[in-house]
Amino acid sequence: MGVDMREEPDVEHVAGEARPKKLLLRALAGERTERPPIWLMRQAGRYLPEYHDVREAAGGMVGLCNSPEHAVEVTLQPLRRFTLDAAILFADLPQIAAALGQTLEYRVGDGPVLTPPIRSTSDITEFLSASRLHEELAPIYETVRQLTRALPDELTLIGYAGAPWTVAAYMVEGRGGSSEHSFVKQWALSDPEGFQPLIDLLTAAIIEFLDRQIQAGAEAIQLFESWAGILPDPLFQRWCVTPIAAIVAALKAKHPSVPIIAFPRGAGLAYNGFAEATGVDCVGLDSTVPVEWAAQKLQHELGRCVQGNLDPQLLVAGGPALHAETDRILNALSGGPFVFNLGHGIVKTTPPEHVAALAQQVRSWSAA
Ligand SMILES: Cc1c2[nH]c(c1CCC(=O)O)Cc1[nH]c(c(CCC(=O)O)c1C)Cc1[nH]c(c(CCC(=O)O)c1C)Cc1[nH]c(c(C)c1CCC(=O)O)C2
């Protein structure tokens with residue numbers, strides 16, 4: 001009673017009782033924390049033997065993503081093994097495309113495959129509709145609800161979605177294994193007015209999807225722009241920056257205190273200006289971004305949180321190489337608001353004991 005909450009940035013008042021605010025949320029709010037929080041992109045998945053058992057029991061990847069009970073279990077698996085600071089909702093990025101009307105399958109070697117591929121403006125009207133969006137995504141909202149009850153108090157629950165350009169890339173290419181992205185790039189480059197409705201449909205759907213995740217209990221949001229790096233600069237601004245800014249504005253209007261991380265993988269020099277243009281609370285850095293630049297420009301000049309950026313292959317390598325690079329990143333970025341993570345998702349050949357060693361090193365790190 002009578003406590004001025006503004007003077008207690010580290011305390012969250014829940015139903016009248018005060019308890020320490022979670023480490024990850026403090027960092028995302030722009031605070032330099034006593035040690036950086038850590039979570040890892042793709043921290044759940046195939047590098048863990050116990051994951052394979054659950055996936056099999058669920059009848060494969062699609063079944064796993066649509067079964068809250070199994071999805072909750074695999075979300076929690078890495079947290080039982082490692083001392084991490086957050087859980088990320090277990091679901092998959094192309095599920096929203098399936099909710100809009102495409103058929104999603106996983107094929108060995110190809111990853112997610114979406115049919116029919118969306119290749120023209122008339123395909124959008126013929127094959128896609130948002131009318132059943134929430135019905136189709138209901139199992140994901142249920143997974144989030146169950147996770148809020150299952151997670152220990154000090155862990156943060158991260159909800160997520162692919163950003164519109166990245167989801168569109170999967171929808172247009174169809175096959176996950178496509179490496180040149182010829183179809184989506186041809187469309188976006190040569191017929192921007194015809195491609196715009198797809199991005200607009202996705203932007204609106206992603207706003208609703210994330211709004212529902214937050215209502216179900218997600219405490220922070222990450223937008224994965226995994227294919228930011230394949231666009232020439234003016235188109236990066238149009239197809240990545242503008243839609244992400246729209247999503248951030250819409251979510252902030254409704255949920256001002258929920259922090260948003262965006263990960264524009266491969267953006268290169270376009271990382272410069274990205275935080276200002278989109279309004280995100282935290283910028284996810286891929287492994288090519290120089291940490292000294294991020295410390296100076298994003299943390300020091302803008303007061304923004306950064307997340308990243310250990311190369312996932314170092315986690316496969318382990319040993320002195322992993323230790324030294326982790327130390328270098330910690331030293332460069334721990335002077336400001338910082339979330340330790342990888343520069344892209346964990347790869348499936350990662351030995352779990354290397355993840356344990358990394359988590360331990362980050363947790364025992366101190367500036368001294
Ligand atoms: C591009 C993208 C996808 N999915 C995702 C992204 C963005 C991150 C990135 O850039 O890597 C995000 C994602 N996918 C998955 C999660 C779950 C939560 C977590 O991070 O632990 C998250 C956050 C599960 C998954 N998504 C996928 C698996 C493997 C499925 C299996 O069991 O075979 C998992 C655990 C499959 C998937 N899903 C996707 C691809 C390209 C693939 C095939 C390649 C691969 O397997 O790594 C699309």
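Placement of Cβ uses the backbone N, Cα and C atoms for every residue, glycine included.
Keep in mind the model is a prediction, meaning the values are calculated, not measured.
Annotation source TrEMBL lists domain 'Uroporphyrinogen decarboxylase (URO-D)' at 37-46. Per-residue pLDDT, averaged along the domain 'Uroporphyrinogen decarboxylase (URO-D)' (37-46), amounts to 98 for this model.
Secondary structure from DSSP puts Tyr170 (substrate binding site) in a helix. The substrate binding site annotation in TrEMBL covers Arg42, Gln43, Ala44, Gly45, Arg46, Asp92, Tyr170, Ser226, His344.
Asp92 (site 'Transition state stabilizer') counts 18 other C-beta atoms within 10 Å of its own C-beta, drawing on all protein chains shown. The annotation site 'Transition state stabilizer' is assigned in TrEMBL to Asp92.
Here the binding-site residues are Arg42, Arg46, His344; the one with the fewest Cβ atoms within 10 Å of its Cβ is Arg46.
Sequence-distant neighbours of Ala44 (substrate binding site): residues of the same chain at least 6 apart with a C-beta under 8 Å from its C-beta are Tyr51, Val74, Thr75, Gln77, Pro78, Ile88, Phe90.
Every protein chain shown contributes to the tally, and the Cβ of Tyr170 (substrate binding site) ends up with 28 other Cβ atoms within 10 Å.
The 6 Å Cβ screen around ligand 1 retains Arg42, Ala44, Arg46, Asp92 from the recorded positions Arg42, Ala44, Arg46, Asp92, Tyr170, ordered by sequence position. Rounded to a whole value, the Cα-Cα separation of His344 (substrate binding site) and Asp92 (site 'Transition state stabilizer') is 15 Å.
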